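Encoded as structure tokens, the structure appears first; notes follow it.
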Amino acid sequence: MSHKTIQEQLIFFLEGSLPDEQMKQVAAHLESCGSCRRLFQELKADMALLEDDRNLPFDPYFYAKVKHKISSTRELPVWQSKRVLQPAFFLLVLALGIQFGIWVGGHYDSPRQTVSQEAALFPLNDLSHEPIELFLLNLE
Amino acid sequence: MNDQELVRSVISGNEKAFQVLVEQHQQMVLNTCMGLVHQRNDAEDLAQEVFVEVYRSMAGFRSDSKLSTWIYRIAINKSLNFIRDNKRRKLFRSFETIFGQGQPNLPSESSSDRPDRGLENKQRRERLHAAIDSLPERQRVAFTLNKFEDLPYQKIAEVMGLSLASVESLIHRAKLNLQKKLYKCYKKDD
């Protein structure tokens, strides 16, 4: 088996959930391959930490704390809970922002430029500077 | 006292019955929350909130599922909501840090939780938790229930409302993904 195949099976080898034949093959490979063995040792050390997290010491006052929490917290109606109020507040702010943007857009007054009718019709009218006769004389 | 009798007693206001219920299920709730949030203090707070919710919603409990299955569901939902809220809080905190308000992110409580552990273990634990947290949500939940609670696949399927085959597939993929992510970390550390 290749290194890649072995490495894919290490987590299952660690749990002992591979079929017998594969367990033997992986064990034999780990005997002879240093890099796969190192990965296996690392994985084994990491997975062992899960066991530590599982066996948490027991809190003798746990029930008392639960009772205290029940008596000290009044149940809020759904519409008063933070999970509803917070998104509602953000939605309101967003809606106000959009409304304000529309209002500003509607009231924007661009500076109007007065353009004479002649200038609009002849935007490049240079006849006043150079009569047509002179223009034709200069044209070669 | 079986589940139905226990539930009936709690609904009728029997405090002793509620205490029995809490004591019977507190370890499983704490393990589940711990498996998902990884911080002892957060997990304890969440476990307390789970039982507050159980107490308040007891009248709505229908006996079509087992009591433990129902409590697992509440614990998972609370933990996942906590993780989502925490992500949002971290995002806001990072904005505040960028814009010069607020304090930079302080190290998480976990670093001071376990003074008896060595630095190497702490780094390993952070790496492992980060790898678990990066799994897709359903894979993470299935993996946590299997690893932290030793729940059989059938029970996980009941809690998550999935078929047995889906749970088997989820857990298999979760293990492969976790392994891959950890290998990447090992190679980075070299």
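In case you wondered, yes, glycine gets a Cβ from its N, Cα and C as well.
Those TrEMBL annotations? Automatic predictions, nothing curated.
The domain 'Putative zinc-finger' feature in TrEMBL is assigned to A:5-37. Residues or ranges marked as transmembrane segment by TrEMBL: A:84-104.
Break the domain 'Putative zinc-finger' (A:5-37) down by DSSP state and the numbers are 28 helix, 0 strand, 5 coil. Taken as a whole, the domain 'Putative zinc-finger' (A:5-37) shows an average pLDDT of 92 in this prediction.
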